[in-house]
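What TrEMBL says about this one:
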- 25-46: transmembrane segment (TRANSMEM)
- 52-71: transmembrane segment (TRANSMEM)
- 83-100: transmembrane segment (TRANSMEM)
- 106-123: transmembrane segment (TRANSMEM)
- 135-153: transmembrane segment (TRANSMEM)
- 159-176: transmembrane segment (TRANSMEM)
- 249-268: transmembrane segment (TRANSMEM)
- 288-310: transmembrane segment (TRANSMEM)
- 322-341: transmembrane segment (TRANSMEM)
């Protein structure tokens, strides 16, 4: 049972579809137990960060929780001592950017976001298929774009230090024997546009920086929603992103409307259960559409405190739509540049 619980929901559902008899129930039990254990651990872990460092720094708990889960299975692709240095650099850059962001002009914020995101991806996501790109870009957006009062900045750095210790311990324990002959210097050697992974990293960094810039420019208090939408669209290495964008937008629309209806019909004293219940459902589905839908409940549960139910739902749909649109334009422009580069610099002359 324990080994089955280590599998992701997509693989478990594949096994469930072809299983028969008691094996089907065994696999379903593994899926539910896995989800319940993850949810319980997440609640305790994130609540601990909130208690220790204040609610404004619980975002570090969320980010480091995702990093912990990733580090159990996926390393950075090079030796452990360099990986620990990279983790320290990543968390330091996140801390510095969350400190500087309120004081930066939009243009400089765009440039620094793009540069730091590209460095982050170079350090952690040499193999896009393993998912580190999404984990670390999500963590960057979440922490940097969660406001923190000047008085709480020391606690944010304390939270980041604890995250470094915990994530570093898991990263070392799970991966210290892997890739011992590969150094960080080899990973960071000068890339070129002919490298498909570098083109993906560059597109993702530029796209996310662009949508975050738009979010700051709009000033509606949820720039990170644009960032998450843009990141989600640009994560696949493929250039065919239209269907993915439409599924994301449809999921956000359905999820936002469903949240509004749920808040209207669920008694106020039970409303606090909406987010964890849908979070449990999120852990059961491998579907991108349903994940986009269910993600709305947790995000909107927090946003309604500031905006109200209906305005928050409308804002989530708007920001996701704008983030997807701009990220799609960036992807299209990157594709144009690549084709131009191929034709003028790679094609043999007649």
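Backbone N, Cα and C atoms are what each Cβ position is placed from, and that goes for glycine too.
The transmembrane segment (135-153) makes no contact with the transmembrane segment (25-46), as judged by fewer than three Cβ pairs under 8 Å among residues 6 or more apart in sequence. Outside the transmembrane segment (25-46), and at least 6 residues removed from its termini, the chain residues within Cβ reach (under 8 Å) are 1, 4-7, 9, 12-13, 15-16, 19, 58, 61-62, 65, 68-69, 276, 279-280, 283-284. Using the rule of three or more Cβ pairs under 8 Å, pairs at least 6 apart in sequence, the transmembrane segment (159-176) is not in contact with the transmembrane segment (322-341).
Among residues of the same chain six or more beyond the transmembrane segment (52-71), those with a C-beta under 8 A of the stretch's C-beta atoms are 38, 42, 45-46, 94, 131-132, 135-136, 138-139, 142-143, 146-149, 152, 155-156, 158-160, 162-163, 166-167, 170-171, 174-175. Tertiary proximity for the transmembrane segment (83-100) is limited to same-chain residues at least six positions away from its ends with a CB under 8 Å from its CB atoms, namely 63, 75-76, 112-113, 116, 119-120, 123-124, 136, 139-140, 143-144, 146, 148, 153, 156-157, 160, 163-164, 167-168, 171-172, 175, 184.
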